[in-house]
Amino acid sequence: MSELKRFGVSIEAELLARFDQLNEGIYNNRSEAIRDLIRDKLITKEKENSQENVVGTITLIYNFKQPGLTDKMYQLQHDYHCLFKTNLHLHLNHKFCLEVIVVEGLQNKLTKISERLIALKGVKHGKLTVTKVNES
Ligand code: NI
């Protein structure tokens, strides 16, 4: 076991209260809860940057009236057309659309492209969800 380090963290009281409430009855102390949170984040990042072949979906909710947004979204999909398999589009209301894009390819590439899509101005929410395909 490596040496323990102490560090100070500034955090909003309300956020800390919610975190403590979430971990009540699970962790004996806040330090262990934070250590597990950091480990989970590291594992998630390792997975996101792996070079495994995966299939999945990118789900986006966006304001289709945002100037230039749909052009940028479709340009990215055309630039990486090998990764994008098909789209499902739903007009949610007068302003917002839901787009579910089926993707397949290397996890690290899909992570980067989904981050670019989600970061576009006018995208309110986005998420990449993947699973591995076992050939055996
Ligand atoms: Ni629409």
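Glycine is no exception: its Cβ is also placed from the backbone N, Cα and C atoms.
Just so it is clear, the model here is predicted, and its values are computed rather than measured.
According to TrEMBL:
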- 5-43: domain 'Ribbon-helix-helix protein CopG' (DOMAIN)
- 55-131: domain 'Transcription factor NikR nickel binding C-terminal' (DOMAIN)
- HIS78, HIS89, HIS91, CYS97: Ni(2+) binding site (BINDING)
DSSP helix/strand/coil residue counts for the domain 'Transcription factor NikR nickel binding C-terminal' (55-131): 24 helix, 37 strand, 16 coil
Other CB atoms, at most 10 A from the CB of CYS97 (Ni(2+) binding site): 18
Neighbouring C-beta atoms (10 Å sphere around the C-beta of HIS91 (Ni(2+) binding site)): 10
